[in-house]
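Asker: If you scroll down you'll find the structure; I have some questions about it.
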Amino acid sequence: MDVKIFEYDVVIVGAGLAGLAAARETTVAGKKTAVITKLHPLRSHSGAAQGGINAALGAEDSTDLHAFDTIKGSDYLADQDCVQLMCEKAPETIRWAEHMGAVFSRDDNGDIAIRPFGGQSKPRACYAKDRTGLTLLQTMYEQAFRSGIEVFDEWYCSDLIYKDGKVSGVVAFNIRDGKMAIFNSKATMFATGGYGRAYKINSNAHANTGDALSIVARHGLPLEDMEFVQFHPSGIGGSGILISEAARGEGGRLLNSKGERFMEKYAPNALELASRDVVSRAIQQEIREGRGVGPNKDSVYIDLTHLDPQIILTKLPELRELAITFLGQDMLKEPIYIAATAHYSMGGIPVDINCHVKKNPNELIEGFYAAGECSCVSVHGANRLGANSVLEALLFGRHAGESIVKDIDNLTFRPADVKDAQNAINELTWVKTNNGNERVPVLRAELQESMTDNAGVFRTAESLKKQVKKIKELLKRYKNIRIDDKTSTFNTELQEAIELGHMLEYSLFIVEGALARKESRGAHFREDFPKRDDKKFLKHTYAYMDKEYNITQEYADVVLGKFEVKERSY
Ligand SMILES: Cc1cc2nc3c(=O)[nH]c(=O)nc-3n(C[C@H](O)[C@H](O)[C@H](O)COP(=O)(O)OP(=O)(O)OC[C@H]3O[C@@H](n4cnc5c(N)ncnc54)[C@H](O)[C@@H]3O)c2cc1C
């Protein structure tokens with residue numbers, strides 16, 4: 001196969017908020033930067049973020065309070081130094097985004113408006129109506145473009161070139177014609193976003209298939225805290241499409257089939273605005289106990305009919321449209337069906353506070369960076385607070401760009417050649433020519449259904465063991481796939497097959513991590529170990545995979561700080 005070779009100072013995979021923010025920094029500093037993305041940048045999942053981006057801007061708020069809420073929300077698993085950095089830099093990040101052209105909603109005084117979100121002791125989610133992510137993504141794209149980034153859109157990154165403990169760049173193919181290329185660079189960054197598509201009911205874009213995670217893991221490198229998957233309380237009943245937390249922030253109430261405002265039982269103080277893990281479990285518990293609503297009794301109501309219609313029309317217009325389109329329910333007139341949906345992944349590629357990827361808990365990899373949802377820095381610990389992840393993507397994306405600029409003169413350029421693309425070429429050829437009898441959509445559906453059933457909001461040793469077995473079975477059957485489209489132009493069947501390979505592998509990390517963590521913390525709830533166990537598990541998980549899909553795990557210390565580890569209640 002003809003393999004083209006490109007040379008850049010910096011190669012960034014991913015054009016969401018994290019990737020674009022980094023790319024802007026490196027190009028402004030005069031570094032030749034390529035951004036590789038399987039989607040057009042403006043189709044990245046960042047653009048779907050509705051509710052907001054946190055910063056302590058309110059008169060009664062402080063960065064310390066923001067940090068405290070974040071650490072408490074994380075069930076004390078977040079690294080406190082990273083949280084402090086994020087919360088201290090948040091107000092400046094908002095002003096920076098605004099100066100770049102992002103138009104935020106305003107309050108009556110003309111200040112940037114802030115709304116309450118779950119688990120936050122003060123209103124601090126800045127927003128642009130309910131299209132916050134889109135506004136920020138458009139701004140970042142314009143500015144990164146203006147600064148001179150080179151975008152390779154509709155290019156699929158399929159391998160990392162990692163030799164002798166060092167990174168040389170990546171291998172990618174052009175989705176338009178199937179041609180492979182090597183991108184050599186001094187600095188390589190992954191910003192490939194979330195991976196909620198492993199679950200049947202999820203809020204994520206179809207592209208969120210966690211490719212970079214398993215690409216990294218295939219080189220024997222670790223993934224961190226993968227067992228922590230956030231289930232957002234309000235996915236549209238049946239599909240999981242997101243109804244932002246802004247709906248509860250603006251005053252939405254949750255009701256069961258008896259019309260009871262059930263959060264009074266589970267979080268008497270914070271009610272609907274307890275942290276997401278608490279609200280999601282409450283919803284699923286009501287459904288389990290037979291107080292669900294909807295055609296399959298698998299939802300509860302969110303009721304906004306008591307609100308001034310102007311609030312819905314001006315602050316939540318997109319949410320209303322989504323519910324009309326997907327449920328036929330108008331939130332101005334009636335309560336709508338919602339249930340928990342797989343939404344966000346707290347775990348990912350381990351990085352230090354300056355976004356350098358780690359080889360193990362104590363060693364960094366030269367020239368390799370990650371930021372945004374694919375990474376684990378870790379500011380969210382066991383449970384992320386709403387409106388903290390757009391912040392993380394933008395802030396740590398930019399911070400990664402700054403780190404690269406700082407490091408780059410001391411990084412060695414060690415170009416890879418055509419033979420380093422061999423693994424990626426082999427994978428592509430194998431998918432095209434393998435002549436088995438298994439079908440990708442069937443295997444994917446079985447993975448997604450079983451993940452929702454066995455590794456969802458509630459978990460037990462039994463359900464998790466069953467899921468490990470299921471994934472191993474699916475990995476075996478995956479070796480026996482066949483695709484019909486053998487062409488090279490926009491071969492989505494081929495791409496989906498490769499993506500399924502990634503999904504199966506990172507799902508194994510999620511389940512093995514959950515099985516080993518015999519406690520309940522944040523989003524990870526073990527019915528057989530319902531209590532948090534700080535003695536054994538106030539630790540980050542680092543997991544590694546071998547060629548036979550055996551996972552080994554070790555634990556690393558959490559960076560503690562001034563906020564004392566306490567029991568969490570809302
Ligand atoms: C519906 C929804 C609403 C949300 N609302 C909020 C909110 O209100 N507030 C908040 O704080 N958070 C919210 N979040 C979470 C937040 O939006 C994301 O965590 C964040 O935007 C992720 O940004 P990112 O830059 O890491 O990744 P993304 O924006 O997902 O970008 C990933 C990029 O990687 C590229 N990519 C992936 N794999 C490959 C590959 N193999 N080859 C090439 N390119 C690849 C994609 O093309 C894309 O450009 C929401 C999430 C969802 C799903």
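Placement of Cβ uses the backbone N, Cα and C atoms for every residue, glycine included.
As annotated by TrEMBL, active site, proton acceptor applies to ARG276. TrEMBL lists 14-19, 37-52, ASP211, GLU373 with the feature FAD binding site. According to TrEMBL, the feature substrate binding site maps to HIS232, SER244, HIS343, ARG384. Residues or ranges marked as domain 'FAD-dependent oxidoreductase 2 FAD-binding' in TrEMBL: 9-390. Per TrEMBL, tele-8alpha-FAD histidine is recorded for HIS45.
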Asker: When you rank HIS232, SER244, ARG384 by Cα distance to ALA49 (FAD binding site), which of the binding-site residues ends up on top as the closest?
Answerer: SER244
Asker: With the Cβ under 6 Å from ligand 1 as the test, give me the qualifying entries from the recorded positions LEU17, THR37, HIS45, SER46, GLY52, HIS232.
Answerer: LEU17, THR37, HIS45, SER46, GLY52
Asker: Would you identify which of the recorded positions HIS40, HIS232, ARG276, ARG384 has the most other C-beta atoms lying within 10 angstroms of its C-beta?
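Answerer: Answer by Cβ density within 10 Å: ARG384.
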Asker: Does DSSP give SER244 (substrate binding site) helix, strand or coil?
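Answerer: In the DSSP reduction, SER244 (substrate binding site) maps to coil.
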Asker: For HIS343 (substrate binding site), list the number of other Cβ atoms lying within 10 Å of its Cβ atom.
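Answerer: For HIS343 (substrate binding site), the 10 Å Cβ neighbour count is 28.
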Asker: For HIS232 (substrate binding site), find which of the recorded positions GLY14, LEU17, HIS40, ARG43, GLY52, ARG276 come within 10 Å, Cα to Cα.
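Answerer: If one measures from the Cα of HIS232 (substrate binding site), the recorded positions that come within 10 Å are ARG276.
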Asker: C-alpha of SER244 (substrate binding site) to C-alpha of HIS40 (FAD binding site): distance in Å?
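Answerer: If we compare the Cα positions of SER244 (substrate binding site) and HIS40 (FAD binding site), the gap is 24 Å.
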Asker: List nothing but the one residue from ARG43, HIS45 whose Cβ has the fewest other Cβ atoms within 10 Å; the candidates are the recorded positions.
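Answerer: Fewest other Cβ atoms within 10 Å, among the recorded positions ARG43, HIS45, is found for ARG43.
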Asker: Just to verify a number: CA distance, ARG384 (substrate binding site) to THR37 (FAD binding site), in angstrom, no decimals.
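Answerer: About 26 Å separate the Cα atoms of these two residues.
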Asker: May I ask which of the recorded positions LEU17, THR37, ARG276 is closest to HIS45 (tele-8alpha-FAD histidine) if we compare their C-alpha atoms?
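Answerer: Out of the listed candidates, the nearest Cα belongs to LEU17.
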Asker: Given the substrate site residues HIS232, SER244, HIS343, ARG384, which other residues of that chain have a Cβ within 8 Å of the mean position of their Cβ atoms, reported in sequence order?
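Answerer: Apart from HIS232, SER244, HIS343, ARG384, the close residues are SER203, GLN230, PRO233, LEU242, GLU245, ARG276, TYR344, GLY386.
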Asker: Comparing the binding-site residues THR37, SER46, SER244, which residue's C-beta has the most other C-beta atoms within 10 angstroms in this structure?
Answerer: SER46
Asker: Which of the three DSSP states, helix, strand or coil, fits LEU17 (FAD binding site)?
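Answerer: Note: LEU17 (FAD binding site) is helical by DSSP.
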Asker: What Cα-Cα separation, expressed in whole Å, is found between ARG43 (FAD binding site) and ARG276 (active site, proton acceptor)?
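Answerer: Computed Cα spacing between ARG43 (FAD binding site) and ARG276 (active site, proton acceptor) is 26 Å.
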Asker: Checking the spread of the substrate site as listed (HIS232, SER244, HIS343, ARG384): what is the longest Cα-Cα distance, in whole Å?
Answerer: 14
